[in-house]
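Everything on this sheet refers to the single structure shown next.
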Amino acid sequence: MPAALPYNVSRDNKWDIKKIIQDFFKRCDVPYQVIPYDTELWNACLKRAKEKGYPVEPDSPMSLYRSFKVGVVITRTSYGHIQDYEILIWVATFTAFVTYADDAFQEDIQHLHSFARTFLQNEKHEHPVLEAFAQFLRESSIRFSHFVANTVVSSALRFMMSIALEFEGQNVSVSTEAREYPGYIRILSGLSDIYALFAFPMDLPRSTYIQAFPEQIDYINGTNDLLSFYKEELDCETVNFISAAATSQQVSKLEVLRNAAEKAAYSYDVVVNVLKPYPEALAAWKSFARGFCYFHTSSPRYRLGEMFHDFEHDLVCKCASCTEI
């Protein structure tokens with residue numbers, strides 16, 4: 001495809017995206033809101049990380065310092081109903097690790113290739129952040145039940161593999177016959193089972209919510225796809241589920257986006273119905289589901305404030321080669 005000049009995400013397209021998001025929020029009973037940043041949790045996370053010896057130097061490129069900002073936002077917004085402060089620090093720290101990996105290793109995948117091997121063989125990883133992550137994951141078996149620890153470790157290893165797969169496949173055309181491949185990569189990279197699991201208090205019987213897990217995962221994946229789409233278009237990111245699915249299905253990105261929003265809203269309703277006999281689980285789910293939306297509205301990473309509050313000026317795409325929605 002020939003290179004194009006930088007273009008604005010058009011006003012019409014912005015309104016289309018905004019309308020899809022607004023309809024989704026309405027169906028899931030989520031009024032638009034921005035949650036203030038929790039500096040107390042931020043300080044607690046940095047203090048704990050330093051105690052553990054994790055790299056958190058503010059000026060180092062091999063540091064979790066900036067990634068902790070994302071971890072604190074998702075924890076405060078999505079897990080505000082969780083009373084165990086140690087769990088909040090754990091979720092924020094886990095998110096900091098995976099955010100760092102997702103951002104730092106997009107073009108340096110040799111570390112990702114070696115992570116599972118060094119982890120399973122209990123060897124020291126040469127990258128300080130990944131060595132700290134391995135240490136963090138190994139402690140899961142001490143902190144949590146077998147089910148939780150197994151979920152954490154297996155999902156984290158899949159996630160690291162998915163980053164490498166996405167990088168290796170970014171210059172490979174998506175086949176129109178490979179309809180399920182974008183969804184497969186999405187499942188690998190989503191970490192949705194971990195985030196769904198921690199939505200419930202650890203002392204809540206797993207039997208009260210486990211049957212809703214498939215739809216919880218679909219909700220988390222679909223909501224993230226929906227609410228990260230605007231930012232990805234502005235940044236000309238194409239290695240994502242919406243872009244890959246649009247190519248494989250030979251439809252527009254907006255059509256895939258509408259379908260993702262519809263599936264996420266449907267999944268939300270299914271979870272509510274499954275959890276109705278269990279009031280505590282239902283309350284936890286509703287708080288998490290709303291908070292997961294607020295994670296995206298509250299994080300500058302996703303730029304939704306620009307869409308909902310600043311339609312006065314078109315935002316120019318950052319790269320010189322991109323495609324229309």
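Each position is counted from 1, following the chain as shown.
Placement of Cβ uses the backbone N, Cα and C atoms for every residue, glycine included.
Swiss-Prot has this to say about the protein:
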BINDING   Asp102, Glu166  Mg(2+) 1 binding site
BINDING   Asn224, Ser228, Glu232  Mg(2+) 2 binding site
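Mapped onto this structure are the features recorded in Swiss-Prot.
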residue	record	Cβ within 10 Å
Asp102	Mg(2+) 1 binding site	18
Glu166	Mg(2+) 1 binding site	18
Asn224	Mg(2+) 2 binding site	24
Ser228	Mg(2+) 2 binding site	20
Glu232	Mg(2+) 2 binding site	19
Near-site residues: Mg(2+) 2, ref Asn224, Ser228, Glu232, CB cutoff 8 A to centroid: Asp225, Leu226, Leu227, Phe229, Lys231, Asn240, Ile242, His296, Tyr302
Inter-residue C-alpha distance, Glu232 (Mg(2+) 2 binding site) and Asp102 (Mg(2+) 1 binding site) (nearest angstrom): 14
Cα distance (Å, whole number) from Glu166 (Mg(2+) 1 binding site) to Asn224 (Mg(2+) 2 binding site): 17
Cα-Cα distance linking Ser228 (Mg(2+) 2 binding site) and Asp102 (Mg(2+) 1 binding site), given in Å to the nearest integer: 14
Distance [Cα-Cα, Å, rounded] between Ser228 (Mg(2+) 2 binding site) and Glu166 (Mg(2+) 1 binding site): 17
